[in-house]
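According to TrEMBL:
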- LYS107: active site, charge relay system (ACT_SITE)
- SER194: active site, charge relay system (ACT_SITE)
- SER218: active site, acyl-ester intermediate (ACT_SITE)
- 616-630: compositional bias 'Low complexity' (COMPBIAS)
- 80-562: domain 'Amidase' (DOMAIN)
- 616-635: region 'Disordered' (REGION)
Amino acid sequence: MALVGLFQEVACKASARRFQFPAIRLDMAAAKPLFFGSQRALPTCQLSTATAKPPPTSASTKHNDVFNAFIPTQAALDPNSAYQAAVAQRKGAKAMHPLDNMTVAIKDNICTQRYRTTCCSPLLKNFSSPFDATVVTLLQDAGAWIAGKTNMDEFGMGPFGPTINPAPFFPLGTQDQRLSGTVANGPHLSAGGSSGGSAASVAAALCSAALGTDTGGSVRLPASYCGVIGFKPTYGRISRWGVVAYANSLDTVGILASDIPTVKRVYDTLNRHDPLDSTNMPEAIRQPLAHSAHVRTEAAIRRSKWSASNLQGCRVGIPAEYHVNELSDTVVKAWQRAASHLEALGAIIVPISCPHTRYALSAYYILAPAEASSNLARYDGIRYGAPADPATPSHTLYGATRTQGFGPEVHRRILLGTYVLTSTAYDDYFVQAQKVRRLVQQDFDRAFYLPNLLHMSGQVPSSPASSDDHPQVDVILTPTAISHAPSLDKVRASTPSSNATAPMADYVNDVMTVPASLAGIPAVSVPFSRVPSAFQDELGGFLDLPVGMQLLAQYGDDETLLRVAEALVPSSASAAPISAGSFGSGLHPIGSASGIGRGTPTHALGSGPANLMASLGSGGSNSNTTAMNTLPIGSSSGGLNQMDAAGLRFMLGSPAPGTSSNAGPANPLNNNALLQSLTGGGSQSATSLGGSTAFAGGPNTTGGLQTALNLANAHAANPAAYPQRLANSEESIYSLVMELYNPPNREQVLSELSKKRDQFEDLALVLWNSYGVMAIILQEIISVYPLLHSSALSVQASNRVCNALALLQLVAAHPDTRLSLIHANIPQYLYPFLSTTSKSKPYDNLRLTSLGVIGAIVKNDSPEIIHFFLQTEFLPLCLKIMEIGSELCKVVATFIFHKILSDDGGLMFMTDHPHRFYIVQLVLSNMIDQLVEATSPRLLKIIVRCYLRLADDRRAREELRQHLPEPLRNTTFFNVSDDPTLKRYFAQLLLKLSDNVASS
């Protein structure tokens, strides 16, 4: 029943918006030390009780109410009292602390006693932690002042938060506290997620440094957008004790600052063993050069000479797989420029390959939601979180609490995570994703010169042999993001609640950062340059926006990473914006030794000339990269599990009904193909449909659709004129089915297939057995969930999903696919439609067509099918519709109810429990009362048959003798119809309930 509960949550609040705190309004006249913040460090001084004052508020703090970097913090302790307590604690101390007078902002998913920890979720809006996280304690012990809690995506899930990016409002290449433009006049760009508030607080000079958390890039991506340093240490270096968990094996506390020395100071403070965190590195391996002496001694000697101005002998790897099609041209140029910058300092640029990187994104969006599903189970209103309305019945309290408390992105990831952990999906997805994770880690181990500390146990293994095919490097250089920061208005306009394609576009932003997270290696984003954008300032000029370059190093080699990162930080001259027309002098041209830009780019962790998502499923035909033929996720079963596709589709989203996917100007994204990668597909060719046309990632043209329609219509008009090969319209149906893979044409294709479904005897088999088709049908169903409770469902949207349901009904009715359908639990996707109560035509059509699917299943009333219905929520949903639905819906729902009653197990289920029988009797009685007002012979006939079947049970018969509705006893319905069958049913019922019939 867990799946039932999950879908009830979605049905209730699928359109709930992500919780966002309002902008902060600071009372500057009565400034309290809630938001300290000066980018310029205060002079070092000894504190005394006579002169102790909270650090002065920065002028830039006034602008936090616009940037929304901090959340409104309701301190658990009085700020002034807390400050004075800290002063008193240090009053006699002679030694200065390493972070004295440094102000540090804390992401709102890191526990603090002083401030509430809400994770920016309504569910935790009143949560006060009884303890400080280890990182907070270490910061305070080192002399840092906590500036406040920063804004974020709910529970850290999402690439864009509610924070406005400060980067456009500061002079080029500076961190001055004055603003270069009026913030209120925009442009308002995204600060990234999920640690966008932390990055913005540093970029706006509201604090000296900030802590964030990085699960798949949540520190590095905001750092790139905001133009600051974003450092994700090696997994296990920094304690996670007191950090609200999203994905335990991926979560890492990260550091954001405006310069590398500040990052180092904070990192040195936090780089401690914590016995409270079982995933924290033990002391035995905390010295990165303590092992593998013969390898590391040579490396230490070579690296000891490196500085910000000298990287002589440093080998910098450029991985070919990161040159993806989705990278903007300006980011590619910045990447080339960064490689040239390092080369000018003496570094050696080495092209390398990390072949399994292309699978990382797919694996990440299986593993992270799986862990999130488990971690977030505790937020039920009982153990943690604000409960729903106390009046909510106890049996629905958990679902109501989580439905109201979690936003749509959290819903999406919980659903996916729950699914991939089920027994039917665990081996095909979760286990395979873990294998991919290990392959990604091994790619990095092969690329780096130093061995991985995790692989050392007692004896030192030899480092993998270096060769021309597998050159080894000290660090790897890649872009951090595929572009500069996007418009916040555009991001909000394409949220999942308003556009089901939004998750796909959002997840693409993680392609550069996810591999390092899966491998647990350290990574840092450095604001290397600014690039031209289409955004204008208040004077009409085009803004240059920051982009970050990402450096990666071997597991545990954090110090080397920061040393090279310091050299990558450009001078004011090299930080000049990149021209859109040329690379400038000294840069590697296309095809040069840097390895950047050689040949045809791959597609975001894929290959070939298709696009990001398609490449994950098809491999393309790029001669410069190894085409991906089979992704090792979901393929162990040897075929497509249709429910696997469906479950994953819910998270991945789909085009909204009546709309087409926004492919973008240069790098179109196909929403099907990432799913194809997750469901184990190789090349998405329509071999199962009798053809060989590759549809995954194909161009969004209408030629294929027109061909299919021409074939189908020609056959319908004159089938005799076709050759024998087309006598049963196989080619036309195959062509139409293949066009389902083309999102812009899908609405018309669904309509055509629905119209012609009775003309093709084996259409159900084609739909069920064709790769990815059931996933497409289910994505159509799921795409309207957000519209169900907002009165926004249009006739067009309803008709589109009804056409998809009509095809699902075919599969439900076919004897060879019916049981497979229910074994895959696909009918449960109809719960939200059957739960609606609106009487408008779009909603009524949805209910009626959904009932048609259920009726097609139950028409063959085998014990296995009846058992399925008794174990799900369909029976109570049918009873509800029988009472409040339209006439036709009542007829179908009552038919389904009667089919369940016709089975001995179904009858026993209804009559054995007094309360259950009372509900059934009450619903039927109410229906009879309604028929007195508005007669319907066909509905009356089915109701009488239900009473007849109930009367077969002795106890039910005794109850009905006493409580049969009066209109059935007298002549109220005698002249309703001349149907002899109905009159015969009446006579049989009255005879059964007469006192002359013995109870047996």
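From the backbone N, Cα and C atoms, a Cβ is placed for every residue, glycine too.
TrEMBL labels come from automatic prediction, so no person has curated them.
As the structure is a computational prediction, the values presented were derived from the model and not from experiment.
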Segment confidence, the domain 'Amidase' (80-562), expressed as mean pLDDT: 84
Position of peak Cβ density within 10 Å, selected from the active-site residues SER194, SER218: SER218
By the DSSP assignment reduced to helix, strand and coil, which category contains LYS107 (active site, charge relay system)? strand
Relative to the Cβ position of LYS107 (active site, charge relay system), how many further Cβ atoms are located within 10 Å? 31
To the nearest whole angstrom, what is the C-alpha distance linking LYS107 (active site, charge relay system) and SER194 (active site, charge relay system)? 9
If I take the alpha carbons of SER194 (active site, charge relay system) and the residue listed as 'active site, acyl-ester intermediate', what is the distance between them in whole Å? 5
